[in-house]
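Step one of this worksheet: look at the structure below.
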Amino acid sequence: MSGRLWCKAIFAGYKRGLRNQREHTALLKIEGVYARDETEFYLGKRCAYVYKAKNNTVTPGGKPNKTRVIWGKVTRAHGNSGMVRAKFRSNLPAKAIGHRIRVMLYPSRI
């Protein structure tokens with residue numbers, strides 16, 4: 001079986017009010033999701049921000065490489081247009097705004 005076990009999303013920014021932004025919650029726009037009821041499937045799914053850094057790090061069961069991951073979880077819907085909120089283990093860096101996030105198709109709730 002080949003194919004990816006994740007769908008594409010864009011990190012749109014942080015949860016915010018008019019004057020304050022809360023960096024502990026990220027807003028994600030999932031590709032192909034345009035209504036609030038369509039986000040129901042993605043709630044509880046794991047998400048990952050994959051990026052490359054300057055130095056190698058040891059990967060379990062593999063060679064050291066420059067790839068790193070920040071893991072998170074989709075927590076709830078945001079608005080009526082298919083955006084979702086996600087919490088990551090460490091807050092996403094601001095340079096990640098506009099970049100790709102992987103929303104994994106697990107754990108399954110079906």
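Note that Cβ sites are derived from N, Cα and C of the backbone, with glycine treated the same way.
The shown structure was predicted, so the numbers you read here are calculated from the model rather than taken from an experiment.
According to Swiss-Prot, the feature N6-acetyllysine maps to Lys8, Lys63. Swiss-Prot lists Lys63 with the feature N6-succinyllysine, giving a large-scale study or a structure entry as the kind of evidence.
Fewest Cβ neighbours within 10 Å among the modified residues Lys8, Lys63: that distinction goes to Lys63. The residue listed as 'N6-succinyllysine' sits 27 Å from Lys8 (N6-acetyllysine), taking the CA atoms of both as reference points. Lys8 (N6-acetyllysine) falls within a strand segment according to DSSP.
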